[in-house]
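Colleague: Pasting a structure here, questions to come.
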């Protein structure tokens with residue numbers, strides 16, 4: 001096993017810090033929402049009392065720190081390394097919810113956390129080194145190579161078909177439509193985010209990258225893709241159960257991001273087949289832990305209440321909404 005490069009170590013530290021901040025922010029915001037709901041209309045009922053609640057603002061600030069750390073991580077480490085580590089935020093959120101919100105973690109949930117840690121460690125130890133990038137123009141050349149142009153064109157065409165044909169007809173009954181749009185565009189978002197992050201890093205190092213039009217094109221792509229993702233992710237959260245959306249979105253988003261990174265940055269070109277297989281095994285391990293954690297997230301509370309049949313949520317179809325998916329058990333938290 002090759003020694004990790006300093007840039008990869010920095011990227012891992014930033015990615016893990018991001019997961020800690022983001023995972024914690026959900027719990028802090030939920031605590032603020034509960035306090036606000038106890039003295040007025042709940043957010044789910046149209047109330048905005050949480051805007052006066054310090055806990056909610058503390059959660060928002062914590063989330064901003066997390067997103068900034070995640071953004072910076074892409075400047076130092078490959079997307080193949082940074083993106084899968086986002087699963088760690090689920091662990092921190094589940095553990096903190098267990099102790100702070102008394103949302104008990106089931107034994108299988110603990111197993112899911114362990115699987116996520118094992119998978120993340122496997123990816124970190126075998127991840128490829130970051131390429132030496134000296135100018136945003138270098139990234140631009142990677143972006144306009146035939147392979148990535150074909151990938152981007154396919155993504156844009158598929159997303160357009162999903163938006164203009166499938167979304168009006170099947171959006172409210174098939175979750176895969178909304179999640180597919182977010183995941184596909186998310187892969188292009190991450191590639192552009194990485195370009196902008198590297199441009200900022202090089203600018204702070206003394207080489208101004210914002211004098212090149214390429215940097216501003218990447219910024220525009222980030223803004224457009226983020227707005228599109230937020231719009232359709234909100235639609236998905238408003239229509240389907242959050243417990244089902246989260247793992248499916250994570251799997252699809254991470255998978256397409258890894259594919260995009262592999263095509264654009266050729267992260268695996270310098271690695272042996274054994275290392276690539278090991279990284280894929282680590283990724284599958286994380287996916288297994290994520291699904292297990294979400295599938296059993298309410299089982300801890302049901303066991304302690306002694307009313308398993310009442311407390312256990314009904315299974316929600318993964319790809320379709322049978323009418324009950326828009327249930328009152330959905331734990332949506334407005335950001």
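Backbone N, Cα and C atoms are what each Cβ position is placed from, and that goes for glycine too.
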Colleague: Which one of 80-101, 278-299 shows up in TrEMBL as transmembrane segment?
Modeller: 80-101
Colleague: Do the transmembrane segment (148-166) and the transmembrane segment (244-265) come close, with at least three CB pairs under 8 A (pairs 6 or more apart in sequence)?
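Modeller: They are in contact.
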Colleague: Output the single range from 9-28, 107-127, 178-200, 244-265 maximising the number of Cβ pairs under 8 Å to the transmembrane segment (55-73).
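Modeller: Per the Cβ under 8 Å count, 9-28.
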Colleague: How about the transmembrane segment (178-200) with the transmembrane segment (244-265) - do they touch, taking at least 3 C-beta pairs under 8 Å (6 or more apart in sequence) as contact?
Modeller: yes
